[in-house]
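Annotation comment: Swiss-Prot describes 59, 61, 151, 313 as divalent metal cation 1 binding site, evidence class sequence analysis. Here Swiss-Prot flags 151, 182, 239 as divalent metal cation 2 binding site, drawing on sequence analysis. Sequence annotations record features per position, and here Swiss-Prot assigns N6-carboxylysine to 151 based on sequence analysis. Sequence annotations record features per position, and here Swiss-Prot assigns substrate binding site to 156, 286, 335.
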């Protein structure tokens with residue numbers, strides 16, 4: 001199969017040019033002007049549009065069981081939504097397994113979840129929910145099998161203590177893996193939450209008040225120091241929501257420490273006032289939404305390069321699930337927001353079209369740096385000969401209002417309802433195959449491939 005994309009502006013992280021792009025047998029074969037491929041081929045006219053590498057979302061939670069509920073997006077509906085939003089690769093954070101299980105247990109479970117459902121290419125982050133000799137011995141074998149990143153939690157049921165974190169950091173570093181972490185101070189959160197519950201303060205706004213930004217920032221600072229103690233182990237902070245944590249990361253970078261950080265559209269564009277609305281329960285996520293001042297600090301990090309990745313933390317529970325389980329109590333509500341379909345459009349509209357970032361920086365945040373950090377470069381995150389033919393075409397002339405009824409996930413609401421975006425996803429290609437075109441999903445379940453990722457190699461800081 002040959003596909004020729006003509007008349008568009010092809011953008012990579014290191015530059016852009018108005019040129020044609022030829023994909024053949026799922027791979028980018030040529031970029032240039034006046035390409036004349038051998039017949040037969042499909043021609044796509046991208047006049048007036050940007051031609052970007054397909055998005056790489058390195059933080060999703062599909063089909064996750066959080067104990068009180070299972071998320072309503074599986075690997076079909078979740079990756080379908082991703083495809084319709086211009087994302088062609090996801091790396092899913094696997095949920096916790098049974099108490100005491102091996103690392104491999106969850107990999108086998110999740111490969112079963114995705115095998116016949118994923119629309120786009122996918123991989124997984126390992127999850128370390130306890131530490132013992134068997135777990136530490138298993139890590140190098142998992143890296144050899146293509147899982148080169150693992151997640152630790154400093155909160156929730158399977159949080160690790162500092163000694164366990166140090167052991168994990170050392171072994172992951174030795175094994176060629178990147179440590180990712182959910183950083184919140186569990187003890188401080190538990191104390192604040194107990195105070196509010198005892199006082200009968202259980203409305204959604206108290207979710208945010210029970211998890212102040214200092215809980216997140218303290219845990220970030222602690223992880224930075226533990227990573228240094230563990231031999232300058234590489235560290236990746238997920239879903240940053242505040243400026244103080246970003247300050248700590250800037251300081252670590254200034255000291256040449258290998259640390260990277262992601263944020264998410266919700267922390268850039270939504271704020272804590274959402275909790276005081278009639279449907280405030282639908283904005284329960286952790287870390288919580290912050291105030292506009294923290295948003296501005298994150299946008300500074302987006303603009304000046306301090307933030308490396310924009311992912312989604314897509315973790316969808318329906319409003320019916322939320323209301324039935326929580327009964328109005330924030331502490332009982334399952335956490336998470338949908339967003340995998342909206343990431344690329346929201347960042348393009350609020351970043352590129354407002355002049356906050358360049359199209360090249362957009363590529364760096366949404367595909368190139370995620371691919372480099374997580375062992376997929378240059379197969380993903382790049383439009384160059386030899387790379388996969390993963391493409392998203394965005395028309396900056398079109399304006400769209402986000403409406404849940406037009407989205408493709410399995411949620412029954414969107415936190416972005418009514419947002420107007422300048423720029424529309426008009427086509428998504430995965431390995432040269434059109435899987436979304438002009439509002440219509442054209443992919444199929446099971447066409448996505450499991451990606452064996454390369455061991456971690458740090459990008460130049």
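Keep in mind that glycine also has a Cβ here, set from the backbone N, Cα and C atoms.
Features recorded in Swiss-Prot, as mapped to the structure shown.
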{"residue": "59", "record": "divalent metal cation 1 binding site", "Cβ contacts under 8 Å, 6 or more apart": "91, 93, 238, 239, 262, 264, 311, 312, 313, 314"}
{"residue": "61", "record": "divalent metal cation 1 binding site", "Cβ contacts under 8 Å, 6 or more apart": "71, 92, 93, 95, 313, 314, 315, 336"}
{"residue": "151", "record": "divalent metal cation 1 binding site", "Cβ contacts under 8 Å, 6 or more apart": "93, 125, 126, 127, 128, 180, 181, 182, 238"}
{"residue": "156", "record": "substrate binding site", "Cβ contacts under 8 Å, 6 or more apart": "182, 186"}
{"residue": "286", "record": "substrate binding site", "Cβ contacts under 8 Å, 6 or more apart": "155, 184, 211, 335"}
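Other than the site residues 59, 61, 151, 313, same-chain residues with C-beta atoms no more than 8 angstroms from the centre of those residues' C-beta atoms, the divalent metal cation 1 site, are 60, 92, 93, 125, 182, 238, 239, 311, 314, 315. Other residues of the chain with a Cβ within 8 Å of the Cβ centroid of 151, 182, 239, the divalent metal cation 2 site, are 59, 93, 153, 180, 181, 183, 237, 238, 313.
Under the DSSP three-state reduction, residue 182 (divalent metal cation 2 binding site) is assigned to strand. Sequence-ordered, the extra residues of this chain that approach the substrate site, with Cβ no more than 8 Å from the Cβ center of 156, 286, 335, are 155, 182, 184, 285, 336. Pairwise Cα distances among 156, 286, 335, which the record gives as the binders of substrate, peak at 11 Å.
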